[in-house]
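Read the structure below first, then the notes.
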Amino acid sequence: MAQQMSARNPRYKRILLKLSGEALMGSEDFGIDPKVLDRMALEVGQLVGIGVEVGLVIGGGNLFRGAALSAAGMDRVTGDHMGMLATVMNALAMRDALERSNIPALVMSAISMVGVTDHYDRRKAMRHLKSGEVVIFSAGTGNPFFTTDSAACLRAIEIQADVVLKATKVDGVYTADPFKDPNAEKFAELTYDEVLDRKLGVMDLTAICLCRDHSMPLRVFNMNKPGALLNIVLGGAEGTLIEESNE
């Protein structure tokens with residue numbers, strides 16, 4: 001089976017995978033579930049094994065949510081800086097899981113953390129990607145008021161990724177929340193303008209506009225489905241594809 005997979009040519013040479021911090025919680029209410037980390041590391045390792053270059057951005061919502069404390073009175077900039085640190089913690093945990101699976105990985109941070117991570121450098125990141133290392137981009141964009149979704153799209157554009165893959169707990173984009181509305185229908189494909197016009201909430205406005213303005217395809221899929229990530233990279237139609245209109 002593994003030989004058959006490696007014989008197939010990947011559809012994408014370089015991807016940017018966006019994971020939510022909540023995805024790392026697994027069945028826990030807070031923090032990081034080591035079993036989830038190990039499973040994700042193996043799935044990423046499958047991609048590296050067939051020659052795909054992988055950039056990673058992980059949210060921090062499993063450890064800290066600046067927006068929630070901001071609503072309770074905390075200074076928004078302070079809260080966002082704390083959220084950036086949470087993403088660094090998740091990135092370090094993911095690097096450890098990858099390296100324990102013998103997958104070389106590098107953590108880069110948008111805020112300087114000498115001795116803990118490398119500082120973000122686009123050219124250096126691309127060199128490491130080309131050498132087969134997984135590069136994990138942490139601390140968002142380094143600026144408050146920007147989400148990790150926006151950071152993922154920005155880094156994807158900077159490293160010239162072929163696609164942004166957004167891992168969620170549902171298998172694509174729906175007309176409504178499928179957990180609340182049993183009649184919600186899934187979209188197979190959408191354009192950026194349709195996402196904006198329908199206010200589907202796939203990502204924040206900044207992230208969607210970045211992808212649209214730079215013709216960066218975006219696919220939303222369920223990371224909890226075994227093999228979904230590999231299937232996408234090999235050309236499978238998992239989840240929902242969002243790209244610019246052909247008109």
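Cβ coordinates come from backbone N, Cα and C, glycine included.
Long-range Cβ proximity for Ser20 (ATP binding site), meaning a same-chain Cβ under 8 A and a gap of 6 or more residues, is found for Ile58, Gly59, Gly61, Ala167, Thr168. Residues or ranges marked as ATP binding site by Swiss-Prot: Lys18, Leu19, Ser20, Gly21, Gly61, Arg65, Thr168, Tyr174, Asp177.
Look at Thr141 (UMP binding site): DSSP puts it in coil. What Swiss-Prot lists as UMP binding site is Gly60, Asp80, Thr141, Gly142, Asn143, Pro144, Phe145, Phe146, Thr147, Thr148.
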Residues close to UMP site centre defined by Gly60, Asp80, Thr141, Gly142, Asn143, Pro144, Phe145, Phe146, Thr147, Thr148, Cβ within 8 Å: Gly83, Met84, Gly140, Ser150, Ala151
The one of Gly60, Thr141 whose CB sees the fewest other CB atoms within 10 Å, among these binding-site residues: Thr141
Residue among binding-site residues Lys18, Gly61, Asn143, Thr168, Asp177 with least C-beta crowding, 10 angstrom cut-off: Asp177
Cβ neighbours within the same chain of Thr147 (UMP binding site) - under 8 Å, at least six residues apart: Gly140, Met203, Asp204, Thr206, Ala207
Nonlocal residues around Phe145 (UMP binding site), in sequence order (Cβ under 8 Å, 6 or more apart): Arg76, Val77, Asp80
Most distant Cα pair in Å, residues Gly60, Asp80, Thr141, Gly142, Asn143, Pro144, Phe145, Phe146, Thr147, Thr148 binding UMP: 15
